[in-house]
Amino acid sequence: MAERFVRAAPPMGALHVRLGTPPVVATLHWPINNTNLDTARSSERETTLGHAHSHAHRARTPRPPPARRHTRSPAAADRVAVPRRHGDGPLPHGDRSGARRAQTRKQKKEKETKKVREQCDDHNNNAERVNVDVDRQHHPQHRNTAFLSMATDSPVMNGEVPRGHTGTLEETLQQMNILIQENRDLKGEHAVSGQIKQEKRALQQTNQAMKERFEGLAAWREKQREDRGFLESSLEKAHGRVDALAAENKELRAKLQELSGGGQAAEMDALCVQMARLQAEKNDLVAMNSELQLKAGQRADDDSFIEIIRVGDSGVGDAGEEEKLSGKLEAGMAADLTVSQLLQSLRDETQRAQRIQIELQASEARVAALQEKMICSDSSTQTSLPAETPNKTQQAQGPSEVDALRSQMLSLFNELQQAQNKLDEAEAMKRGLHDRCREVEQDIVTLQAQLVEKQAVQTENERLRLQVESLHAQSQLEQKKSMEERKDLCQLKEAYTKLFEDYEEVKKRESEVVPAMVEDLQIQLTEAEKALASKQEHIDEMKQEIFQKEKELETISVFQAQAEVYSSDFYAERAAREKIHEEKERLATELDFTKQINRQLQEEMDSLNMHSLNQLQKRHVPSRGNPHGGVGGDGREWQQQVNIPDHVCPKCNIKLPDLDSLQIHIMDCII
């Protein structure tokens, strides 16, 4: 039995009736009164704003005739809902054209199923809601007329007569019954075929997933082919580069072998012999003082030029080449050491030559002194004969000393010439050694550069070899992946065939279930008609109740206005009385103060009068009676007049000072 309930909205004057699932909504509108008509319309527009587009769409699109929907057979429904197959089967394994044809067939099937689903959704949306707007005028002849918005295909507001409506209430009710019947049919179909739709959706989702998977596999295969071609081309380039580097490596090795031949070993042996000979003759070197002074500036340059070259092991190359290079470096270092020893011996010889030069200058000075003595002796022989004997002895000693000095000078000069010759030979040998050292250094630099190039070539070869190995491993991994993807593709094809068979079985089941659905829908239609009649009676009763409530609301509004007027008057009067009461209290306090002052003055006057009377009595004879009796009586009367009666509340017995305050208190206490 379908679910039934009624939801009333008094401010809108509308009643929504909802039946079953999917819902059938009937909205009945009637005029409230002329004053609240505009507010009701504005609130109705605000509340129905969310459904405006759907109502407008239903109003614009013509409704298909209901008879055709009921006369359609299940076979026709199957023909519309299920596309025909054109030899569908499992996809071919490696044929691209077959895969494309299968994709086009899948796309056609998906489009047809999508169209059928859209038609079903439109049908459900059209039969899901029935908006019934009943307009009622204030006149009696218009109160029982109802205009249905779905029958006239145009929205109807409260208090408005629909345009182009010429039917009666029976026709509109008949059309509404037809729509409800269609709604019940669709509801039964929806309830029974919910599982079938879910299976269809699952099949569509799996088809879409398989399609996306196949497209991804095809794109991946194309990408793998492109990558494979690129890798093959790069591999060929790497092989060519490796061959070129191997040839260059062979050429460099040949050059190294040529450079490290026997000629260089012979030259190094000759240099060693020459250095040994120079080492043996280093003690006989003597140089001229003048030449040594001229070459003193070059001595620092020669010392700075000599350096000890150390070459470390580069870690690259053959063992034989390294031994040859180390032998050459040791020979160069030995040559440099002999040159430094020769320079040290040259320094010693220069110092010795300086000493000899000093001795020579001293001997020349002595020769000059002896010559002067000889001249002096010649002159003395001419002047005095007695001194002839000592002068003769001196003359005999002078030539002997001069000859000795001359012979010593000649020997020193010969030694100096020999030392100069040896020094020249040493300088020439030094220049030759310097030139040879420069050549050896240049050879060492070139060999180091060749070793660095060879190391770079070997590192490049190693890098290319590793790259080739990585490319080979990557190609093997790609082949494995392609084999796995082919297996996955075969599994997906098998799953697709199974799902297609399940889809055919679901179609057969759906065709068998449709007649039972029609019977259930007819039973539900009769129940819905009964429920609609009962709801219509309930709607009429609710109309009468709402009309009475509207009248009561009008009277209540009048009473509320009167009560507001009365309350405003009461509060105004109360405020005025409070002001008067405050004024009276102020005047009462002033009166009490004046009374007190008057009483004091009266007492003073009485005392003065008594004093004056006492004085008169003293002066005159006392009289009978009280001469001031009238005055005393007046004082007592004044005191009696001054006594004010008490004002007491009859309910709570509270004493108040005056009548106005008593009245205000009574109003508060009683009300």
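The backbone N, Cα and C atoms fix where each Cβ goes, glycine too.
Predicted automatically and left uncurated, TrEMBL annotations should be read as such.
If you look up TrEMBL, you'll see 37-123 (among others) marked as region 'Disordered'.
Annotated compositional bias 'Basic residues' per TrEMBL: 52-72, in sequence order.
The compositional bias 'Basic and acidic residues' annotation in TrEMBL covers 85-98 (among others).
Residues or ranges marked as compositional bias 'Basic and acidic residues' in TrEMBL: 109-123 (among others).
What TrEMBL lists as coiled coil is 169-295 (among others).
Look at TrEMBL and you will find 346-373 (among others) tagged as coiled coil.
Feature annotation from TrEMBL assigns region 'Disordered' to 378-400 (among others).
The feature compositional bias 'Polar residues' is assigned by TrEMBL to 378-398.
Residues or ranges marked as coiled coil in TrEMBL: 402-474 (among others).
Taken from TrEMBL, the feature coiled coil applies to 518-552 (among others).
As annotated by TrEMBL, coiled coil applies to 584-611 (among others).
What TrEMBL lists as domain 'CCHC NOA-type' is 641-671. The list of residues near the domain 'CCHC NOA-type' (641-671) in space but at least 6 beyond its ends in sequence, with Cβ under 8 angstroms from a Cβ of it, reads 574, 577-578, 580-581, 584-585, 588, 595.
Shown for the domain 'CCHC NOA-type' (641-671): DSSP residue counts in helix, strand and coil, namely 14 helix, 4 strand, 13 coil. Within the model, the coiled coil (518-552) shows a mean pLDDT value of 88, rounded to a whole number.
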